[in-house]
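Listed in TrEMBL:
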- B:25-261: domain 'NAD/GMP synthase' (DOMAIN)
- B:G44, B:L45, B:S46, B:G47, B:G48, B:I49, B:D50, B:S51, B:T146, B:K175, B:S197: ATP binding site (BINDING)
- B:D50, B:E151: Mg(2+) binding site (BINDING)
- B:R126: deamido-NAD(+) binding site (BINDING)
Amino acid sequence: MRIGLAQIRPALGRLDRNLALHREMIQQAKEKQVDLVIFPELSLTGYQLQDLTYEVARTMDHPEIQEMVSLSKEVDLVFGMVEESPDHILYNAGVYASGGRIVHVHRKVYLPTYGMFDEARYFGRGRNIRSFETRFGRMGMLICEDMWHVSAPYLLAQDGAEWLIVLSNSPARRVGSEGLGSEQVWHRLLSNHAMLQGSYVFFAHRVGVEDGVTFFGGSMAYDPFGRLIKQGALFEPELVLVDVKPDQIRRARFQMPMLRDEDVELTARELNRIIARRTEEGTRS
Amino acid sequence: MNKIEEMLARAPYLRVNEKLTVAILTRALREEVEKAGFDRVILGLSGGIDSALSLYLCVEAFGKDRVTAVRMPYKTSSPSSLADAQAAIDDTGVESLTIDITPQIDAYFERFPDATPLRRGNKMARERMTILYDLSAQYNALVIGTSNKTELLLGYGTQYGDMASAVNPLGDLYKTQVRQLSAYLGVPQQIINKPPSADLWQDQTDEGELGFSYFDVDRLLYYLIDCRYTREQLSELGFPSDFVEGVTRRIVRNQYKRRLPVILKLGDRTIGVDFRYLRDWGL
């Protein structure tokens with residue numbers, strides 16, 4: 001199975017130009033016999049949208065979104081968009097489309113609103129973390145900050161996901177003597193979760209600059225043993241091709257049977273106890 | 001070990017990965033300029049290290065044929081500044097102009113013969129910036145900034161003067177890091193080695209005027225700004241409390257220089273307050 005990580009350079013607020021970028025990448029992917037093309041977070045719109053969020057939001061039946069979905073007839077697609085829900089709440093959403101229809105939508109749950117980030121000002125919060133069936137097996141999607149919460153990839157793996165897809169827009173930060181801090185932490189994060197959940201992890205990341213903020217690219221794929229199997233170029237657009245062997249998942253889970261041994265009842269019981277304790281503490285005078 | 005390496009050895013947290021930093025800065029420079037519809041840049045070259053580093057970054061980003069450097073001396077400017085700027089021009093091979101600002105500055109201050117050095121210095125800085133912006137129209141070029149993070153935080157610069165620009169590649173680099181990158185990019189040694197000066201009067205140095213060294217203040221700023229250390233933690237690291245207080249006061253007092261003009265709110269969506277778009281909107 002061949003995955004294509006579509007490391008594009010979206011133009012801020014320009015759906016027309018970004019759609020064209022998507023079409024080009026998809027065409028290129030088809031020529032390379034790719035089975036699944038994964039675009040980054042907010043790939044149709046760009047990232048620091050601020051008030052543009054309202055203008056680039058699209059309902060799922062909007063012609064531009066339907067055009068993207070129709071491009072999934074020959075190759076499965078994951079792309080990022082601003083979704084307007086029927087009750088006019090805007091979500092930072094990732095869409096999985098296959099065979100010309102939408103298979104699953106993940107609405108970003110954890111919206112960073114600190115430091116340089118301002119997402120909760122514009123986006124509603126997703127309420128679900130669920131894996132879903134595809135023609136390649138069960139997958140789970142997360143968007144950037146979601147991956148920073150241990151529970152998110154855990155829930156997806158417990159829900160049956162063998163493939164974790166992470167759509168991201170991560171600014172280049174903390175340029176120290178050793179290199180790019182923001183890239184290094186992603187390596188650690190993705191490697192650990194690939195290993196702990198015994199899953200492939202695909203990190204699709206963008207390039208380009210928005211008001212002086214550089215997105216570093218370097219899209220990555222980790223195998224279920226936590227080993228880096230491919231990384232795209234830093235800073236340059238690229239279709240990163242990753243060939244994967246589903247049997248690796250089986251082998252990893254035989255070798256490290258954490259999923260088998262995981263006690264979800266214990267987790268649920270302890271979580272309920274912790275919730276009760278926290279709520280009680282919150283109301284204690 | 002040279003002076004810069006000595007400083008970085010004492011404060012390794014200030015060291016940046018040179019290759020990566022240059023890669024990020026040159027790509028971002030190119031993208032921001034080209035997105036705005038320009039393919040040329042212009043900048044003022046004082047003979048000091050900041051404008052020299054900006055020049056070298058621009059040449060890395062655009063090639064020498066798309067960069068114009070402008071020297072704008074006043075009659076009291078040190079001749080060595082002019083020569084140092086020339087060394088950078090010769091080394092990079094960029095096109096350059098020299099515009100003597102003495103006539104217009106002197107004409108203006110004929111009316112105010114008692115004007116303080118501060119007023120004169122600010123006027124010169126703004127005169128230079130109006131020239132750069134005028135030439136930017138002639139050359140169809142964007143004005144590239146030369147203020148570093150240390151100066152910006154301390155407010156040690158002239159608003160709408162040397163602090164003005166369309167894109168500033170140095171604004172997130174402390175002075176010590178400017179020195180490190182300048183050495184890496186081959187800025188002439190004579191520029192790197194001389195004491196930083198706004199060159200407003202003879203023997204003026206930034207560090208003499210500020211009352212502390214850039215290296216000391218960079219170390220403080222790193223802990224104060226980047227790491228958000230408390231007064232107690234800074235004191236444990238050995239920073240004298242009057243130094244910490246003085247620098248903190250400067251940062252706070254000069255916040256106005258780092259912001260757009262305050263707009264008095266009336267409507268529902270006010271520019272910058274609740275009408276919020278990046279400059280790169282749709283570019």
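Residue positions begin at 1 at the first shown residue.
Even glycines carry a Cβ here, placed using N, Cα and C.
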Nearest-integer angstrom distance between the alpha carbons (Cα) of B:S197 (ATP binding site) and B:R126 (deamido-NAD(+) binding site): 17
Sequence gap of 6 or more, Cβ distance under 8 Å: name the residues on the same chain that satisfy this around B:R126 (deamido-NAD(+) binding site), in order along the sequence. B:T158, B:Y160, B:G161
Applying a 10 Å Cβ distance cut-off over all chains shown, what neighbour count does B:S197 (ATP binding site) have? 20
Cα-Cα, B:G48 (ATP binding site) versus B:E151 (Mg(2+) binding site), nearest Å, comes out at 14
How far apart, in Å, are the two Cα atoms that lie farthest from each other among B:G44, B:L45, B:S46, B:G47, B:G48, B:I49, B:D50, B:S51, B:T146, B:K175, B:S197, the residues recorded as binding ATP? 18
Look at each of the binding-site residues, B:G44, B:G48, and point out the one with the fewest other Cβ atoms around it within 10 Å. B:G48
Using C-alpha atoms only, work out the spacing between B:G44 (ATP binding site) and B:E151 (Mg(2+) binding site) and round it to an integer in Å. 17
Pick the one among the binding-site residues B:S46, B:T146 whose Cβ has the fewest other Cβ atoms within 10 Å in this structure. B:S46
Give the distance between the Cα atoms of B:S46 (ATP binding site) and B:E151 (Mg(2+) binding site), rounded to the nearest whole Å. 16
How would DSSP class B:S46 (ATP binding site) in three states? coil
Nearest-integer angstrom distance between the alpha carbons (Cα) of B:D50 (ATP binding site) and B:E151 (Mg(2+) binding site): 10
If one looks at the chain holding B:E151 (Mg(2+) binding site), which residues at least 6 apart in sequence have a CB under 8 angstroms from its CB? B:D50, B:G157, B:M163, B:K175
Summarise the model confidence on the domain 'NAD/GMP synthase' (B:25-261) as a single mean pLDDT, whole number. 96
How many neighbouring Cβ atoms, not counting its own, are there within 10 Å of the Cβ of B:D50 (ATP binding site)? 24
